[in-house]
């Protein structure tokens, strides 16, 4: 019955369908068993039980305890724990304080806490999605309008919306009055969308073009409407994005994977070497206790205890440097990951472009003008055929500019030297170009006050205003009438309503040939990626306007405007090409516009195809994999398209950075190896899903961040070379002691920890601030799958470790024999302190040599004064361990004579001399 309240049972509700935009309003009511008077409270309660609350559901993640427990799954930490237990048991058995065991346990716990702090940062992207929901909504139930919590909405509810409301669920419009909705967070399109209830759209229309539907999380800017809810909670478009977000699994970064493999190699190698040493010791008749001490020391020596902390500091330093270059790193490992990027997928608007519409071409019947200038700054030149002209000398131009300034609802605002607009960017550009010609838009609007208007709508595709001509300006043609009607909008539609045109400073009849010439000029602008507007006018005897008045118009001309590329982006794209990085444009904009901007920036070339979202949807995985190898520009894409593009690139071994600013971008940002959100225009959801935020929304900043990432990775390789080369030297030195029959372990676990944390750690921190190689962005990206030992690093560590240990073993034998001669005041066990000191001092020379492939004398000290300071400080700390009594007792060292110290210094210099000689030979050879 007409006007009846729906009271259908729960079983009467039909299954949800996918294409609500393709149904009529009546068909939607039938599908949902709903009515304009709303559901009854009973039916709503039944449906709430069936569909659940209108909320986003979060999957359970790892608990903090689970994250902490996972840190102890590291094989190197497990080995250190075993060493601590055995060492502590031996000390307690002998009645000694277990200082070695306690020191090792402290290191293990600190490393675990450090890992926990890096991993425990909860994902907040879903929380940000939830924050987009309004708490209350106006709904019609039991034929009565009422407010209910958003969570209580169900399919079939009739919601009532007006300006300022957030859309609480996905819904099909049933009534609308001048309804405009901001969907940029969901679709990426900046302009408000005109919504109409009485449309029936094709089934394959993308979300951004579903003008008869509303989507959860979007905002009503203007007008009012009534809509029928068809999806709630996780069934909405926002819920689909939440599902995609939670389906993307976080993977370890390349550095984390390399360090895991490094741990496996080091532990395996150490265990094999320990087995060999113990086996040989047994054959030589040595005691198990001595061999156990050797094994414990070797296990501690091979583990680079200070490496996690040094890497964290290096990444933090990189983060600070990136902030200075306008990029904020949200996840520390992303700093190094940037250095592996092989492909950058960038949005167009605001990232590659200025997000400011600029009029660049103007066509009148008699002239074609080119306009220069940047953004909304009212400064630039007008040119004809490349020659600068005076705008005021061309009446056709001035009348056209005046029409654009008057038929306009925007405002041009100056704040110091910064210019911006309030209102629609398209209209703002018309004010700017008028101001470039010397027209004061505000002043012109005062002398031509608006009397009436018909606003722009997506159906009319034009805007009309009637102004009173007070006779105080020459920028109109009164023709004896007190008012003038100005019209702007779709060139084709306005041209159809014109009978005359303004040419040769006078009115002329609009012939078929002239119409064709105007349309051809508009098509040329459109093919260059420009948004084209047509302008016309008609003197009027009355101040009112309706659609019947928009006839018998006089054509003024065309203006072509574009969101101009950022001037620095062309160079950034070129730098990417030199660095072996591919740049792709992925945008929701029109294919012609996207292609024109991409060609201008050097991203693509003439003849290269553009792939649209519709074409992409029709492709299977294999077809898409083939397409992404050659396509650089993607237009009219939806969120799932971005995700598919990223996944396809990753399947082919690409390491992908993806930019985004909307809610719709969040799944792709999370899936990408590096998700890059926009700091100015980005939503909270996109920022929480990202690894990095661009503070200036600028593509060039991504390239600068990639450069910093490469520098950080290069420095990490330097101090890994330094630390592990030294550790291998320590390991081989310790292993040789029982084989040489020296009767004692040359280094205690505590002394080894000192070397690994302090002697290695302080210079390694200084290596982390090494400046980058100027040619670093002229090389191809390093393979993210490469081993930590790749490009000669593994052979370097082995070579240096062997040479280092050879020098130290010779010193150890000499020192052992030399110190057995009794001398007053000197302990015969000081040979162990001499080995300890030689190893520490030799590592200082190693740190100086490892910073560059150039000879040290060719590398200026001023480029990294921190390294020299760290060497001096570490050497002084080592001497304190040797000569300060409390430290002697704690670390088990003995005072050295001047001769002892001179011998240590002499042997420690041998490694530095060897490394410099190796570099000299390499330079001579190549």
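Residue 1 is the first one shown; counting continues down the chain.
In case you wondered, yes, glycine gets a Cβ from its N, Cα and C as well.
The average pLDDT for the topological domain 'Cytoplasmic' (1-63) in the predicted structure is 74. Residues annotated as topological domain 'Cytoplasmic' in Swiss-Prot: 1-63 (among others).
Within its own chain, the transmembrane segment (64-84) is flanked in space by residues 100-102, 104-105, 107-108, 111-113, 115-116, 119-120, 260, 263-264, 266-267, 270, 296, 299-300, 303, 305, 749, which lie at least six positions past its ends and keep a Cβ under 8 Å from the stretch. Here Swiss-Prot flags 64-84 (among others) as transmembrane segment, drawing on sequence analysis.
If you look up Swiss-Prot, you'll see 85-99 (among others) marked as topological domain 'Extracellular'. Same-chain residues lying 6 or more positions outside the topological domain 'Extracellular' (85-99) and placing a CB less than 8 Å from one of its CB atoms are 289, 292-293, 296, 749-750, 890.
The transmembrane segment annotation in Swiss-Prot covers 100-120 (among others).
Under the heading topological domain 'Cytoplasmic', Swiss-Prot lists 121-259 (among others).
Among the features that Swiss-Prot reports, transmembrane segment is placed at 260-279 (among others), with the record citing sequence analysis.
Long-range contacts of the topological domain 'Extracellular' (280-291) within the same chain, counting only residues at least 6 positions beyond its ends with a Cβ under 8 Å from a Cβ of the stretch, are 90, 738-739, 741, 743-745. Look at Swiss-Prot and you will find 280-291 (among others) tagged as topological domain 'Extracellular', backed by sequence analysis.
Annotated transmembrane segment per Swiss-Prot: 292-309 (among others), in sequence order, evidence recorded as sequence analysis. Within the same chain, residues 76, 79-80, 82-83, 86-87, 90, 104, 107, 110-111, 114-115, 259, 266-267, 269-270, 273-274, 277-278, 281, 720, 723-724, 727-728, 730-731, 734-735, 737-738, 745, 747-749, 752-753, 756-758, 760-761, 764 sit at least 6 positions outside the transmembrane segment (292-309) and bring their C-beta atoms closer than 8 Å to a C-beta of that stretch.
The feature Ca(2+) 2 binding site is assigned by Swiss-Prot to 300, 301, 305, 756, 760, with similarity to another entry given as support. Residue 305 (Ca(2+) 2 binding site) counts 25 other C-beta atoms within 10 Å of its own C-beta, drawing on all protein chains shown.
Swiss-Prot lists 310-716 (among others) with the feature topological domain 'Cytoplasmic'.
Taken from Swiss-Prot, the feature active site, 4-aspartylphosphate intermediate covers 347. In the three-state DSSP scheme, residue 347 (active site, 4-aspartylphosphate intermediate) falls into the coil class.
Taken from Swiss-Prot, the feature Mg(2+) binding site applies to 661, 665.
Annotated transmembrane segment per Swiss-Prot: 717-736 (among others), in sequence order.
In the three-state DSSP scheme, residue 760 (Ca(2+) 2 binding site) is classed as coil. Feature annotation from Swiss-Prot assigns Ca(2+) 1 binding site to 727, 730, 759, 760.
The annotation topological domain 'Extracellular' is assigned in Swiss-Prot to 737-747 (among others) on the grounds of sequence analysis. Taking Cβ pairs closer than 8 Å, the topological domain 'Extracellular' (737-747) reaches residues 277, 280-281, 284, 286, 290-291, 293-294, 297, 301, 730, 755, 809, 812-813, 816, 829, 831-832, 835-836, 839 in its own chain, all 6 or more past its ends.
If you look up Swiss-Prot, you'll see 748-768 (among others) marked as transmembrane segment.
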Residues that sit under 8 angstroms from residue 759 (Ca(2+) 1 binding site) by C-beta distance, when 6+ apart in the chain: 726, 839, 840, 843, 844, 874, 878
Neighbourhood of residue 756 (Ca(2+) 2 binding site) by C-beta distance under 8 A, where only residues 6 or more apart in the same chain count: 300, 301, 303, 304, 305, 306, 723, 727
Residue 665 (Mg(2+) binding site) to residue 730 (Ca(2+) 1 binding site) - Cα separation in whole Å: 50
Residues from the same chain, set at least six apart from the ends of the transmembrane segment (865-883), whose C-beta lies under 8 A from its own: 754, 758-759, 762-763, 765-767, 769-770, 833, 837, 840-841, 844, 847-848, 851, 891, 893-896
Greatest C-beta neighbour count within 10 angstroms, which of the recorded positions 347, 661, 665, 760: 665
Packing count at residue 727 (Ca(2+) 1 binding site) (other Cβ atoms within 10 Å of its Cβ): 27
Under 8 Å by Cβ from residue 730 (Ca(2+) 1 binding site), same chain, sequence gap 6 or more: 301, 747, 752, 755, 805, 839
Recorded stretches the transmembrane segment (748-768) and the transmembrane segment (899-919) touching, at least 3 CB pairs under 8 Å: no
